[in-house]
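Data block below; observations after.
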Amino acid sequence: MKKVFVKTYGCQMNEYDSDKMVDVLNASQGLEPTDNVEEADVILFNTCSVREKAQEKVFSELGRMKALKAVKPDLVIGVGGCVASQEGASIVSRAPYVDVVFGPQTLHRLPDLIARRQRTGQSQVDISFPEIEKFDHLPPARVEGPSAFVSIMEGCSKYCSYCVVPYTRGEEVSRPFEDVLAEVAGLAEQGVREVTLLGQNVNAYRGKMGDTTEIADFALLIEYVAEIPGIERIRYTTSHPKEFTSRLVELYGRCDKLVNHLHLPVQHASDRILMAMKRGYSVLEYKSIIRKLRVLRPDMSMSSDFIVGFPGETDADFEKLMAMIEEIGYDTSFSFIFSPRPGTPAANLHDDTPHEVKLRRLQRLQATIEENVQRISQNMVGTVQRILVEGPARKDPTELHGRTENNRVVNFALPGVPQAGRDRLVGQLVDVSITQAFPHSLRGEIVVRQ
């Protein structure tokens, strides 16, 4: 049986796309996924171009594939994702042993690209933007476990000054309303209990409703997803503060299936820097969203993205960022030093801050976030948390593990519960009393209701 190996870089959108690559090749050619690159007949790299480091990792990996290709001349090597969109045919120029190059919007054409490569002997490149076409050509999702990603829109139309996503994934295009609901319903029938709705700016969703001229916004989509039998939890990422409507805020007051956690990237806490980033909101407007949410959900868990060392960032700007991190009490983050991307306006900005200064700022920020994480975890000890059971614990298969609403992994014992009873709990929501907090997980015991 032929096999496909996929290496994924970057965001959850790429994770979703990688799963779809496997689904497409399985449906068309019977390929099964493998974690062993050496036994693969097709090797795909689903790439990210948000930071230079991630991009260079791809070419480093490709270099290692050259020797494997020499031993297995029929091996197919493909590069997809945002680096593929950005670099196109230059990838083949730099690595002639690459067989196919495809963008996020053309992954459904993989079988045809591979067949054309094998027929002509020429490397194939397709990085076009055929809007939402790919979703019409994808086979039904195959899922394992109680959680799944669902892409509801593609692209970005915000054009932040530092970001390449609009150039690599195209403008915002929303999937039709009924198509999203049908995919979620299909997942629920396979046992999925938690869905994460995905988009570069997921709350900018505007989906066409059937044959009418009506458009569904993101809040309406969530309301309908919440009504699908079997779906117990709803997450989404990544949201944009500029698109966080009052309708979406109000939904947190009446939709229990929306988890008590939100990833809302702020990037910075200096209005001057936010303006240079072209983010489209002020610090006050961002804080206002969180204040309104915490009126409805006082213990709402927040996470964010942060960029330090943006051109022109002063010590005073950075202190504003640190103050906001303390004020809001973020629970985890994705934080990075500014990485100038070719073709973006920010790449041309004057930057006179030494790298050592940027590195110290990043280390301080990450240390503060880690302190927040540990404090929040410790405060969960003694509480009862609702856990979605994902399967056996990795270190002790006699126990189970699952996740809290704020994404903490919880390993828990089941005293007196036979193995058959444990197996039946996978995919269920259970109450667990938290007894211990560790750096990256929690421990507890299931609460047995009499």
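Placed from the backbone N, Cα and C atoms, the Cβ positions cover glycine too.
The domain 'MTTase N-terminal' feature in Swiss-Prot is assigned to 2-119. As a summary of secondary structure, the domain 'MTTase N-terminal' (2-119) carries 66 helix, 22 strand, 30 coil according to DSSP.
Look at Swiss-Prot and you will find CYS11, CYS48, CYS82 tagged as [4Fe-4S] cluster 1 binding site.
The domain 'Radical SAM core' annotation in Swiss-Prot covers 142-375. Mean per-residue pLDDT, taken over the domain 'Radical SAM core' (142-375), amounts to 96.
Marked as [4Fe-4S] cluster 2 binding site by Swiss-Prot: CYS156, CYS160, CYS163. In this structure, CYS156 ([4Fe-4S] cluster 2 binding site) belongs to neither helix nor strand by DSSP; it is coil. Taking Cβ-Cβ distances under 8 Å and a sequence separation of 6 or more, the neighbours of CYS156 ([4Fe-4S] cluster 2 binding site) in its chain are CYS163, VAL165, PRO166, ARG169, GLU171, GLU172, GLN200, ASN201.
Annotation source Swiss-Prot lists domain 'TRAM' at 378-448, citing sequence analysis.
Looking at CYS11 ([4Fe-4S] cluster 1 binding site) and CYS160 ([4Fe-4S] cluster 2 binding site), their Cα atoms lie 17 Å from each other. Within 10 Å of the C-beta atom of CYS48 ([4Fe-4S] cluster 1 binding site) sit 22 other C-beta atoms, taking all shown protein chains into account.
Helix, strand and coil counts under DSSP for the domain 'TRAM' (378-448) come to 10 helix, 34 strand, 27 coil. Counted within 10 Å of its Cβ, the other Cβ atoms near CYS11 ([4Fe-4S] cluster 1 binding site) come to 19, all protein chains included. Highest Cβ count within 10 Å among the binding-site residues CYS82, CYS160, CYS163: CYS82. Comparing CYS160 ([4Fe-4S] cluster 2 binding site) with CYS82 ([4Fe-4S] cluster 1 binding site), their Cα atoms are 16 Å apart once rounded.
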